[in-house]
Amino acid sequence: MHMRSDAVVLFGVTGDLVSKKLFPALYELTRRDRLNVPVIGVARSPWDDQQLVTMARKSVLEANDEIDEETFDGLAANLSMISGDYADPTTYQRLAERLRDAERPVFYLAIPPAVFGSVVEGLAAVGLAGRGRVIVEKPFGRDLESSRELDRTLRAAFDSERVFRIDHYLGKEAVEGLYAFRFANRLFEPLWNNEHIDNIQVTLAEAFGTQGRAGFYDTVGATRDVLQNHILQVVALIAMEAPASDDTTAFREAEAAVLRQIAPLSPESTVRGQYAGYRDEPGVAADSNTETFVATRLTVDSPRWAGVPFYLRTGKSLPGTATEVVVEFKQPQRSLIPAERGTATAANLLRFRLGRGDGITMSIQAKSPGAEVASRPVDLSVDFGSALGRRQEAYERLLDDAMDGQHLRFARAETIEQEWRIVAPILDLPAPVLSYDKGTWGPADAEALAGGWHAPYLR
Ligand code: NDP
């Protein structure tokens, strides 16, 4: 067991991520008695301790219906602020002074990647890197080369055991459920191959647009924002072989191994789209060729998956918000039971609903009522919220793990490099993006790519 961190430092404490995710996570950890250490916010904005507490309270209230005052007071008593420029050595000297009693602080870099280098060097210069852990957010670089460069920067100050790379999908209980589903159930594992599975679809759809962050989004696009990290993580969990044992190293090795078997994506099997009106948003270039939608076909070069296409799509301003994996099984070897009159034969589907209201829906064939021996699809469905109760939020688990020095839910450098290798051929394609109307499933060409997508369950 690694020793638990005895201080938390949030760089970029005035920002969006801290307010949306990290304050609520710190509050939850305090509530669960997992956090009673100094929490130091760092930013250039001239906030004092009281402003920090006020902002923390506001974000906890936004994330929860009610606030437990005793818990919040416990968190507030640990909060303090350091304002300073990241290029100024005295910022780090003040931090080192504040952390003089901390043996294992954890540093969360909730700042734009452009300032990672200065912060890491600043921490190293005052001797804090040598005894601390560092948490970095996605996007981890912009491509393979810049992600390696970023890794070199981090590793110059922190050894690999102390670097925690967040892809928060790995922290989501619903996503981890894919792993549990596959390896805790005997039922489906024998069918989990190209003999029985026809194709697999992954959809990560957002009903909303850029939410006031169009300027940032325009430099990123859907492939870098979501496909390279979240979607490929989901594919890895669906497609991976069983790890050699139940330890962290074996899990991460199995995850990296399946990514190594994925062929680079091909521009010919990729459709990039941009919703109408995107170029009029503040901060977006008038001739922007950034994709707000991408659909593609992926193949896994392994005996298990030979000939099984994985269709992936993600986009903004789509008809609903959902994250789903649909596993489509092949038809029975002999067709004895026809589909109900007037309907097409439907395949068995196993649908993992990974977003809000997560659960599993299995579509099977049942005998349709009446004299005819024919079948129609019916659903077997479970909502995990009702069946299992409250699950933890991703950031709460990830912070808790990083404080314990546990790497299970963090990406290895190699995993991230493999992900960049896979998406490399479709980054920055010169071909113009195809326009689509808001509230549709992207450009018409995307529909043809998968020969028809299974519409996600929308709520
Ligand atoms: P913000 O754009 O909100 O920036 C965070 C803080 O960084 C700002 O409040 C600002 O604080 C400081 N900052 C901004 N620009 C600079 C600069 N040029 N130099 C130094 N400091 C600067 O970022 P987010 O909170 O949205 O994201 C933080 C990190 O997390 C990023 O790496 C982002 O990619 C990643 N991320 C964010 C997600 C989100 O939901 N927001 C989701 C996933 C990843 P001040 O001016 O007070 O110093």
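The backbone N, Cα and C atoms fix where each Cβ goes, glycine too.
Together with H168, K172, E206, K316, the substrate site in TrEMBL holds one more listed residue from D143, D151, D225, D301, which is D225. Among the residues the record lists as binding substrate, namely H168, K172, E206, D225, K316, the two farthest apart have Cα atoms separated by 21 Å. All chains included, 24 other C-beta atoms sit within 10 angstroms of the C-beta of K316 (substrate binding site). Proximity of the binding-site residues (R44, H168, E206, K316) to ligand 1: a Cβ under 6 Å from the molecule is found for R44. Highest local Cβ density among the recorded positions R44, H230 belongs to H230, counted as other Cβ atoms within 10 Å over all protein chains shown. When secondary structure is read from DSSP and collapsed to three states, D225 (substrate binding site) falls in the helix class.
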